[in-house]
Amino acid sequence: MAPYSLLVTRLQKALGVRQYHVASVLCQRAKVAMSHFEPSEYIRYDLLEKNINIVRKRLNRPLTLSEKIVYGHLDDPANQEIERGKTYLRLRPDRVAMQDATAQMAMLQFISSGLPKVAVPSTIHCDHLIEAQVGGEKDLRRAKDINQEVYNFLATAGAKYGVGFWRPGSGIIHQIILENYAYPGVLLIGTDSHTPNGGGLGGICIGVGGADAVDVMAGIPWELKCPKVIGVKLTGSLSGWTSPKDVILKVAGILTVKGGTGAIVEYHGPGVDSISCTGMATICNMGAEIGATTSVFPYNHRMKKYLSKTGRTDIANLAEEFKDHLVPDPGCQYDQVIEINLNELKPHINGPFTPDLAHPVADVGTVAEKEGWPLDIRVGLIGSCTNSSYEDMGRSAAVAKQALAHGLKCKSQFTITPGSEQIRATIERDGYAQILRDVGGIVLANACGPCIGQWDRKDIKKGEKNTIVTSYNRNFTGRNDANPETHAFVTSPEIVTALAIAGTLKFNPETDFLTGKDGKKFKLEAPDADELPRSDFDPGQDTYQHPPKDSSGQRVDVSPTSQRLQLLEPFDKWDGKDLEDLQILIKVKGKCTTDHISAAGPWLKFRGHLDNISNNLLIGAINIENGKANSVRNAVTQEFGPVPDTARYYKKHGIRWVVIGDENYGEGSSREHAALEPRHLGGRAIITKSFARIHETNLKKQGLLPLTFADPSDYNKIHPVDKLTIQGLKDFAPGKPLKCVIKHPNGTQETILLNHTFNETQIEWFRAGSALNRMKELQQ
């Protein structure tokens, strides 16, 4: 094995990198640590300023905030070609964050790279594997017992390779990042689609797949297609029942689930100052639901206040010094502008089954009656990475306190998920948690829980039609409880609390009355609560594991008989030929999210074992041939069976296959398993009308061909019984379409064109069999 420095030098030479950037290089003008946990890793505002000035001089125009932060992290700002929506940028992120469900595969890939240490500050957060059953402490103990093997792997891998480890119970990754790691101007990538949460603190924080994280941890420049910038101008101010959540619910209704694809959403305008820092994080977090690359707010006094309250006054002071680089230039141009008057914005509730179906709360009851949606609310759930801040808990408690004063409790079941151990300890100290319990709530563990399907729900049977209301971010079919008949709606935590007390979608807290225990009618007043605790946060229990300075003796063991973890085998290289006679595994009808492609919930336990988790491949996708989920025709036997079984049959018999998809294929989570699984089971290409950004990149990273119909109507020319040949791979080049020959069973053929977004580097991934294979080639 070559020394680490030599490996890095070889990689950089092969990739054309001029200088190896490490975040710990000392600042010229100031030395402020990126976090309390990494005292020798410094914020590089001086480098950000230098790069911004180089790019501004080249482009000769005012820059948006998004451009400042992104271009400020260019690997080669003097020579990088920059064109929004077209060129690929080579960037140097400041840090990497991984949650436990995706960190398993990311760390397995990093181990395969052969590198001894991560090159940038990185952390692992245990939040996804804790199932909600009865309550916080018992659920946490159960999760530690069930997931001991995985937690031990992540802890020892973190110690071995220099990655900080947040133990189970510490909280949700995005809340931990906001409290400890995000700062104005940071470029952070995370292996979770809601990483944009950090935009609430003025950073560009982007969700990626594990293979992208491996690149950054290996010290390789990270590639991102130069994003467009959508400006959202906020005027007026929030008041009454209207909350930050309503801003993004409104934006989702305007832009839809794919309207932000390929763009950063940048909020600006005088209305920004009426929103708390954690409220801005809520808005940025749910920007993932419109397909945005990320979202961001400009640095302001709210962020300064939050930094100071979370023990980072030194960062706030440094940000003040560089403030001009942390806000947009006057006169900067956006690719699209949306204007929202916060004075006129009403409380919203979105759903069911998609986060962009927006309704004012005042109207949803009427719409539900018309559509036949269940009006009675079975469960109200507050928390999640989107809405679990101190302010969120305080506003919900303010609503609950009014109900208690009139002798009322929740008519619906009611659960509360604190965002972090710090939030849990602080709301316990300040009495909010007890108020929420008194109104009928159950406080769950500091984890994702029901939001990602980690919910052992007992009150209904699968297939039973029912309604739940959450303060979460996603409400895809079956996501929360694996029941396709659960009508899930997303709204603010205070609206969830009010609706859980009333027990019906027909209740409008702005106008409707409740009847107290004494028989008297009363109206809930709009909640008011502190955005931050008046005294310091209570940190609660210490849940962080520092990586040791010397890890030379650290072992990382993966049992060959484990059902949870599996070392990776390299994927096969491209054989240099066109892809002939591909069988169609499934032609997908309609929406196909990463939840449909690789379900979460009970499958999370297999996230570190590629072969086992591949048994959930596309089990949620609807087959256009019969309108059913997880039922496809085996082209050899002509029998219908589960998608994974059919894929395994094809792999065993040497039959290569393809998936045909609809619009925005792969929207939702960043989980790269949705790309690893089809590759592992013999897939070669995914052909759709359009892709979600993260999933398209993940497919490329694993050596698959994500292709789009040059004419979207060609989707209708392909039938599940056809065979496809993809031609032109010997001359595969950026911007050059590939040909697809459709071979029908009756002997006729049609030829169509397929577009792609591959650049030269990504084409090398395909030829090598995967991005990881290519990395290994460059080490030799």
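Just so you know, glycine gets a Cβ as well, placed from its N, Cα and C.
The transit peptide annotation in Swiss-Prot covers 1-27, and the record cites similarity to another entry as its basis. Under the heading N6-succinyllysine, Swiss-Prot lists Lys31, Lys138, Lys233, Lys577, Lys689, Lys723, Lys730 (among others). For Gln99, Asp192, Ser193, His194, Arg474, Arg479, Arg607, Ser670, Arg671, the entry in Swiss-Prot reads substrate binding site. Under the heading N6-acetyllysine, Swiss-Prot lists Lys144, Lys233, Lys523, Lys605, Lys743 (among others). Annotated [4Fe-4S] cluster binding site per Swiss-Prot: Cys385, Cys448, Cys451, in sequence order, evidence recorded as similarity to another entry. What Swiss-Prot lists as region 'Disordered' is 524-560. Per Swiss-Prot, the feature compositional bias 'Basic and acidic residues' maps to 524-537. Taken from Swiss-Prot, the feature compositional bias 'Polar residues' applies to 551-560.
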Greatest C-beta neighbour count within 10 angstroms, which of the modified residues Lys577, Lys605, Lys743: Lys605
Cβ-based isolation winner (fewest other Cβ atoms within 10 Å) among the binding-site residues Cys385, Cys448, Cys451: Cys451
In the chain carrying Arg607 (substrate binding site), residues 6 or more apart in sequence that have Cβ under 8 angstroms from it: Ala101, Thr102, Gln104, Met105, Ile613, Arg671, His673
Nearest of the recorded positions (Lys138, Lys233, Cys451, Lys523) to Lys730 (N6-succinyllysine), judged by Cα-Cα distance: Cys451
Secondary structure composition of the region 'Disordered' (524-560) [DSSP: H/G/I, E/B, coil]: 0 helix, 2 strand, 35 coil
For the compositional bias 'Polar residues' (551-560), distant same-chain residues with Cβ under 8 A (at least six beyond the ends): 108, 111, 153, 156-157, 159-162, 566-567
Neighbouring recorded positions, C-alpha within 10 angstroms of Ser193 (substrate binding site) - of Lys138, Lys233, Cys385, Cys448, Lys577, Lys605: none
Sorted by sequence, non-Cys385, Cys448, Cys451 residues with Cβ within 8 Å of centre, [4Fe-4S] cluster: Asp127, Ile172, His194, Gly383, Ser384, Thr386, Thr417, Ala447, Gly449, Ile452, Tyr472, Asn473
Cα-Cα distance linking Lys31 (N6-succinyllysine) and Cys448 ([4Fe-4S] cluster binding site), given in Å to the nearest integer: 35
Gln99 (substrate binding site) and Lys577 (N6-succinyllysine), Cα-Cα, nearest whole angstrom: 38
Cys448 ([4Fe-4S] cluster binding site) in three-state DSSP notation: coil
Greatest C-beta neighbour count within 10 angstroms, which of the recorded positions Arg671, Lys689, Lys723: Arg671
By Cα-Cα distance, the member of binding-site residues Gln99, Cys385, Cys451, Arg474 nearest Lys138 (N6-succinyllysine): Cys451
